[in-house]
């Protein structure tokens, strides 16, 4: 679920996702189009693509099972669809952490008008 995704991002980055990522670049937050603007925006693009491949459950609403072991998230549970959502969220949270040093505030509250280029395929 989006609440679990928020939790993962906060634990991985120490940042509040609603302020730091919800309105960043062309792909972070609702929707997405154009060309990812930087590495952080690409994390969101890849996450959107990952959600797009999930069938049989709702990535934004369905609650999955995960645990933390030695600072890493481990996706669990018996439902393969929910496990897939968890993996999408986990990989995006890791991506955000890995790209913290290139986060650029100029892409925060980025205007959709700047995202007019043709979108690349997933």
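Quick reminder: no glycine exception, Cβ is built from N, Cα and C everywhere.
Per Swiss-Prot, the features are:
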ACT_SITE  47  active site
ACT_SITE  89  active site
BINDING   27, 29, 31, 48  Ca(2+) binding site
DISULFID  26-115  disulfide bond
DISULFID  28-44  disulfide bond
DISULFID  43-95  disulfide bond
DISULFID  49-122  disulfide bond
DISULFID  50-88  disulfide bond
DISULFID  57-81  disulfide bond
DISULFID  75-86  disulfide bond
Cα separation, residue 44 (disulfide bond) to residue 29 (Ca(2+) binding site) (Å, whole number): 8
Candidates 48, 49, 57, 115 (recorded positions) with Cα within 10 Å of residue 88 (disulfide bond): 48, 49
Residues within 8 Å of the 27, 29, 31, 48 Cβ centre (excluding the Ca(2+) site residues themselves): 26, 28, 30, 32, 33, 44, 45
Pairwise Cα distance for residue 48 (Ca(2+) binding site)/residue 86 (disulfide bond) [Å, integer]: 13
Among 28, 81, the one of these disulfide-bonded residues whose Cβ has the fewest neighbouring Cβ atoms within 10 Å: 81
Inter-residue Cα distance where the pair is residue 122 (disulfide bond) and residue 89 (active site), in Å: 16
Between residue 44 (disulfide bond) and residue 57 (disulfide bond): CA-CA distance (Å): 20
Site with most surrounding Cβ atoms, counting all protein chains shown within 10 Å, from the recorded positions 48, 89: 89
Cβ neighbour count (within 10 Å, all chains shown) around residue 122 (disulfide bond): 10
For residue 26 (disulfide bond): intrachain residues, at least 6 apart, with Cβ closer than 8 Å: 32, 33, 34, 35, 36, 37, 41, 45, 110, 112, 114, 115
